[in-house]
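Visitor: Got a structure here, written out as structure tokens. Questions coming.
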Amino acid sequence: MTAPLDRPRRLRSTSAMRSLVREHTLRPADLVLPMFVREGAEESAPISSMPGVVQHSMDSLVRAATEAVERGVGGVMLFGVPEHKDAIGSGATDPDGILNRALARLRSELGDDTVIMADLCLDEFTDHGHCGVLDAAGRVDNDATLLRYREMALAQAEAGAHLLGPSGMMDGQIAAIRDELDTAGRQDTALYAYTAKYASAFYGPFREAVDSSLQGDRRTYQQDPANSHEALRELELDLAEGADLVMVKPGMPYLDVLRDVAQASPVPVGAYQVSGEYAMIEAASANGWIDRDRSVLESLLAFRRAGASTVLTYYASEVAGWYRDGLPAHLREFL
Ligand code: PBG
């Protein structure tokens, strides 16, 4: 038996040695907190498939967002849950609609202390649950939807959003929205394109979070989970159309896509740890099958390692709090 010449274990021998050679770390400012706000709610209501996540009332939204910002999160991404839905998603473009009112309220409370982001998509607002408007045959009408996105973008920018997140996967959506904003003198409103967004089962709990009653599925506009090349095509298009940041979604099942996009992208890349990923970690740890806190940080670190500069996660505020208060001993490996 010969002794090994190379001994990688030397660099793993003590906590101090591991810390010295650690390549990737997390910081609160890398994290973005997605939040749900419900029209007409007096107080926050739990989402059963996402333990710990709630549909906020306006007041609880302000409290929770303020706390997240005090802990140092990089931004908040708002989703609206309207009281009334219709075929064209009227609530999305109404300045008095729940999402636009919440954006305005947060901007007035938080100013420029954090980055206020808005989900720009019709599915929370349509009674059929699709991300766009339908044609006479019941198909999602791409170009008619772009007209709605233009209006929605303007309403969100006027309400005070710093960054709009078009998540509907319509062709040409970034160009259309950029054009609308620029024409209205809103050159400073930035666009966070959901560039590679897959038709995923991992959005399951989100449907409950926004009271969606989706009829059918989203496979004619969201990407096929079997494909990776088209993510690079979507990236090229979004960059050419004016995206300021790009995103890959979901997160953990698509780390390969995240890596590809991060290597090819000249603009910052984000990853979205979606509702189903959150639900899996919560369910497994509630059963005592995995260590919750370490699984949370390991999963977030994986996005950074794969090339994400920002991570959207329902854990953002909690994790930012851990870092602010100093990581407990069992989590020091993430410092
Ligand atoms: C579309 C949108 C969805 C999510 C974020 N934006 C739902 C979908 O595309 O089906 C899912 C987020 C999550 O599951 O956490 N408005």
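The backbone N, Cα and C atoms fix where each Cβ goes, and this holds for glycine too.
This is the feature table in TrEMBL:
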type     : residues       : note
ACT_SITE : LYS197         : active site, schiff-base intermediate with substrate
ACT_SITE : LYS249         : active site, schiff-base intermediate with substrate
BINDING  : ARG207, ARG218 : 5-aminolevulinate 1 binding site
BINDING  : GLU234         : Mg(2+) binding site
BINDING  : SER275, TYR314 : 5-aminolevulinate 2 binding site
Visitor: Other than its own, how many Cβ atoms are within 10 Å of the Cβ belonging to the residue listed as 'Mg(2+) binding site'?
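Guide: Result for the residue listed as 'Mg(2+) binding site': 23 other Cβ atoms within 10 Å.
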Visitor: Please list, in sequence order, those binding-site residues from ARG207, SER275, TYR314 with the Cβ less than 6 Å from ligand 1.
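Guide: Checked binding-site residues vs ligand 1; flagged SER275.
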Visitor: Cα of SER275 (5-aminolevulinate 2 binding site) to Cα of LYS249 (active site, schiff-base intermediate with substrate): how many Å, rounded?
Guide: 11
Visitor: CA-CA, which of the recorded positions LYS197, ARG207, GLU234 lies nearest LYS249 (active site, schiff-base intermediate with substrate)?
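Guide: Answer for the nearest of the recorded positions: LYS197.
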Visitor: Tell me, by DSSP, whether TYR314 (5-aminolevulinate 2 binding site) is helix, strand or coil?
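Guide: Coil, per DSSP.
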Visitor: Any same-chain residues 6+ apart from ARG207 (5-aminolevulinate 1 binding site) with CB under 8 Å of its CB? Would you list them in sequence order, or say none?
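Guide: Result: GLY129, LEU214.
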Visitor: What same-chain residues, at least 6 away in sequence, bring their CB to under 8 Å of the CB of TYR314 (5-aminolevulinate 2 binding site)?
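Guide: For TYR314 (5-aminolevulinate 2 binding site), the qualifying residues are LEU33, PRO34, MET50, GLY52, VAL53, GLN273, SER275, TYR278.
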Visitor: By a simple count of other Cβ atoms within 10 Å, which of ARG218, LYS249, the recorded positions in the record, is least packed?
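Guide: Counting other Cβ atoms within 10 Å of each of the recorded positions ARG218, LYS249 gives the minimum at ARG218.
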Visitor: Given ARG218 (5-aminolevulinate 1 binding site) and GLU234 (Mg(2+) binding site), what distance in Å do their CA atoms have, once rounded to a whole number?
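Guide: Cα-Cα distance, ARG218 (5-aminolevulinate 1 binding site) to GLU234 (Mg(2+) binding site): 17 Å.
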Visitor: Measuring Cα to Cα, how many Å separate LYS197 (active site, schiff-base intermediate with substrate) from GLU234 (Mg(2+) binding site)?
Guide: 9
